[in-house]
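J.: For reference, Swiss-Prot lists these features for the protein:
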ACT_SITE  C90  active site, acyl-thioester intermediate
ACT_SITE  H357  active site, proton acceptor
ACT_SITE  C387  active site, proton acceptor
Amino acid sequence: MKHAYIVDAIRTPFGRYAGGLAAVRADDLGAIPIAALIERNPSVNWAQVDDVIYGCANQAGEDNRNVGRMSALLAGLPVEVPATTVNRLCGSSLDAIAMAARAIKAGEAHLIIAGGVESMSRAPYVMGKSEGAFGRTQKIEDTTMGWRFINPKLKAMYGVDTMPQTAENVAEQFGIQREDQDQFAYTSQQRTAAAQAKGYFAKEIVPVTIPQRKGEPVVIDTDEHPRASTTLEGLAKLKGVVKPEGSVTAGNASGINDGAAAVLIASDEAVAQYQLKARAKIIASTTVGIEPRIMGFAPAPAIKKLLKQANLTLDQMDVIELNEAFAAQALACTRDLGLADDDARVNPNGGAIALGHPLGASGARLVTTALNQLEQSGGKYALCSMCIGVGQGIALIIERV
């Protein structure tokens, strides 16, 4: 079997909900990191790209009708380059990278752009059609996140808990205390603040320039979601999201955000032909399914399955990027895997609680950040894993070259 190499990875800053990137359409946002890859790799014959595989969780608004193809065209890729959009909700862009790697390892492709985009600020309200003339049963749904147009049969079978409710379920089932969740969130904020102060994320971010009606364009070059001023005392004052006495709060959960990320993946032949630098090898990936009501726990079985598949151990992982959808689910996973709550390998530069979680882009962000951390620390293996709504988990391992 052939190898699949990551040769470049870049992302936009992650914007706050209704923040600096809210003025940018999802398809335009998705084009930005692709265009950056084109600019950063001038030796590549871009007409020879075999595919663009982009993740996106919503696809109900400006990201409809194959946003991957739209972003590819807007980025300036030749029309001959095909593109597709995949949807595994939160795991979409990590799935896109895994799909690209499989195609290259199988010899079906040599050069693929994989990544994802999400504009949660611009997620539309939608309304279904009436089933009869002059119907009055239509309901307006907010597509920002979570369920819409719920199937009553699925509801009866598995329930349709909101994402915060699933985190509360995990906290209760696995005994994750509020204080531990807040400590985890605080650590995430502190690690991100330290990384930002050192300029750590600058090398993985392409600035977004937003024209204004009057005056100079606004340039967004820094993640907007982190709150360096977060304190444990402040977190303790927040009320539960699901219920007043609940443990899941806005402070120990990820954000609602906007962003995009793209990764250039190449075969041995493409690396040689275009004189590219192979930075990491994609070793293996996997997905699992669990009960939807505790979807946040899914990374634990996904990681166990993947390590067995790759014949590796958790001790061999130098970097572990575990998406922080909620502190409750992240802690349930790390504890099940036998990791300490403050393991320095887990999200060493903070995670989604601080950086934000634009659903379809987050997986590619994990890989981008993990790659840079491996190179900075001299580590060998990085593990990236995410929980996924409706009860799934995904995991992927890369090896620094």
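Each residue, glycine too, has its Cβ placed from N, Cα and C.
Note that the structure is predicted; figures quoted are calculated from it, not measured.
Map the listed features onto the structure and describe their local environment.
T.: Other Cβ atoms within 10 Å of the Cβ of C90 (active site, acyl-thioester intermediate) number 30 in total over all chains. In the three-state DSSP classification, C90 (active site, acyl-thioester intermediate) falls within a helix.
Within 10 Å of the C-beta of H357 (active site, proton acceptor) we count 27 further C-beta atoms, all protein chains included.
C387 (active site, proton acceptor) counts 33 other C-beta atoms within 10 Å of its own C-beta, drawing on all protein chains shown.
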J.: What kind of secondary structure is C387 (active site, proton acceptor) part of, going by DSSP in three states?
T.: strand
J.: Do you know offhand how many angstrom separate H357 (active site, proton acceptor) and C387 (active site, proton acceptor) by C-alpha?
T.: 12
J.: By the DSSP assignment reduced to helix, strand and coil, which category contains H357 (active site, proton acceptor)?
T.: coil
